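Per TrEMBL, domain 'Laminin N-terminal' is recorded for 520-756. Per TrEMBL, domain 'Laminin EGF-like' is recorded for 826-933. As annotated by TrEMBL, disulfide bond applies to 907-916. According to TrEMBL, the domain 'NTR' annotation covers 990-1112.
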């Protein structure tokens, strides 16, 4: 007969087997029966069938499946071992050391104490609270073998903010966060230090006692359950992700401001470019830039000032922001997904396989390993470092005058004031430090050195794998983010000096804190929240409104068992005039976590009560949760209004007997009899903390939340709860004399109305709506009612398209498919600010386009403002979108209109050119009647009528293409006719002596009032005087009484009016350095023969600045 040797704890037992078709489970049970017989106390085993075990070979330690047959996996005289890891044995190297049952509690406590070996400063209360919350979340999943009593004790400590002393250093990640979690559990056991808002730092047992809590008493396996997991890494990682998301949004806004103040172009953010490389982050960042810089709703004055400039592209640091910031955003999203998964995972060891109950096994695994969040945080650090690096380069562009048109280091009096010189140095220093923290390589090298030199320690905390010495700092993401945030603050300090305040206001007004964060190319919705937070709840009565009232209540939170009895009633006083005794309706809407023990209470003896929440606008309502302090009512009705209280509709009926209370059958369908009735939430027990829950939509119902069917169920403006019938606590009947206690009132802890603002899938952020009346108490996490619309929509609820985006009908987004249904822009060629939708036109075009432009400007007309008005013709030399593309035509009497497309016209006498806008050869003086013939034997000046020689004629008519009516040469003209009035007209009459920059003393002795770098735009003869339009590019010097700024100004040459020639010469299109004087009578900037005029060169500019500062003593 086959025989097998089984090792159990400290004994070897021989187990014979007549039938080898029996299973390994049978072998284990037989071995346990023999083991119990040899022990006086049964070896601590109460029942063989309840004992959980695993069987493995002694040679090789291979596990055997309990359902395998013996003949398939074992041979005669094989040796096997039966053991339950972590419950009846020690841990780690002591896994084979048997622990008596009487010492199992001591085993778990010693495990926590021995692993509490962390060092360093304690975590902040906020981070410790995060750590405790995540640990509770993991244990509550039911895979860790922990008792409900221990879990409830941890929840009570969390609600009271009793937080253990958890050192910052000690985790290695490969074995989970053993040391930090051990310190967390040690305080809950009443040992070590603990902190609470009420006590500060003190011994843990005294802190728990001060809050009416008892230390947890560990049962078998609970010590192991409390300290195994990755919650330390995960909680800090979750905080790092939140901070990184804020930094990414700030980086986009700051980069947009940089582009704005440097007058960059927005062409690089065109949606068509990024559609060809459709990375989500890149598209999202480009959308943010377009929203901030190129908004039709809030146009920027700075952007408008250079809209038609000839700049082709900007530097990488501005042009490539969507690509660089985009991958950072995608990386942050990737890390967020990893952290979210880790937060909601079971990371204990061993795990009870509760899901597969038929297996009945305790399985050891490796879910405690911290590699997933660790590697993800490495990626996060690198991504944030990239944001900081490109940000530092943009700071360089702002501070360096050779890279921008801004003063050096953003200060006007350079030298006297160093400006932001050191601020940029600080940003560069932070970048160097951050590069070190975001690169794992230095930490690897350090730890490899440590392997040969034990005395040398690696800085920071380490995460180690069990296979090699590869290690990286656990707090790398946090350190990198801190450095990035410091650098961003450096840039934020700089911007008040150089940024335009209207731009900042426009950007904040247009986008809000989450500019385009989740709406890019998909449907989106603002966050859900409690609609009652920050709003006024009303009730018909409040206890103690006239005088103090006595009240009593029972704390029975569940129906008592057969051997249990109800606790005695507790009594108190209510007085609305005394803060500590008042219980107003606002107590129902405060934070349930910060104020768990505040409640509203009705007046004593109230037979019925009505609670009402009035909202300032329409909201989406999804859930209602009422937590009663008194017994739940025997009958109540939930009602809603969609028209601010004019009409009401019932949403739900609640009663112990629906037929008797409302004449409704239990669970009657909504379609048949209106709102359904249920008895689920009308039981007398529990006497306190009983809940009533309403769901607006069934969790099994698939419905588009933005569709009309869902909004018919979800949209509300008012919510009303009518409490119709009280019921006493059953405990009251079990106590003698309790019938006379004052328990005849309604009381509610929490009135939670879950919902969001109504945005039709076109917004992810909301701001206060008109009519919002805040409560007296300040609150955070308010759910506001006015949407910050995306997808080119407008309105408080994004219920219509913006004025220029009506080419297709407005639609709500599709919440099931995620289709955004963005409003499409009308094609108005830049000549209209709004358009309207024509359904007939839309149907006629096959549902492709239905927009019609409104109030076409710039002398245009037509559906798309594509034609010039009557009396105006298209200038072929200007783009169709230019404001001056349609010009008034000088036509012959009775002639037909100019062609609105080609611009060809029939001109008046003496008028030539394809647009009838110039005199032909032999004519001058363009007027409404035409041009006059020249009074010369040859030709004359077409503007003044002065007779000129043949060479001058060639200058005019060859350059401008005005040789008769033909337009063959017009395409080669460099400037328009009115811009060509210059000294060339009189080149034979005047000889201009070129001024040279000789002795600095002569230059200083001229005492010029201004020295400018400018570009000549055009020149005009006004009859009595001449004017030259120039664009000032730099002001090298100006008199203190003058206020010349960069931009377009007018110069007044004296030569044209006093002598009939022009010296010095100013040719349109050329750039000059001009130094001259101001006419003190008129304030005009004069140019004459005493002025200094030279073609602009950078070397000349540096020389003049040197003379002004060193020789003339002017700055």
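Keep in mind that glycine also has a Cβ here, set from the backbone N, Cα and C atoms.
A sphere of 10 angstroms centred on the C-beta of residue 916 (disulfide bond) encloses 25 other C-beta atoms. Taking the domain 'Laminin N-terminal' (520-756) as a whole, pLDDT averages 86 in the prediction.
Using a 10 Å Cβ-Cβ cutoff, residue 907 (disulfide bond) registers 23 neighbours.
Helix, strand and coil counts from DSSP across the domain 'NTR' (990-1112) read 24 helix, 47 strand, 52 coil.
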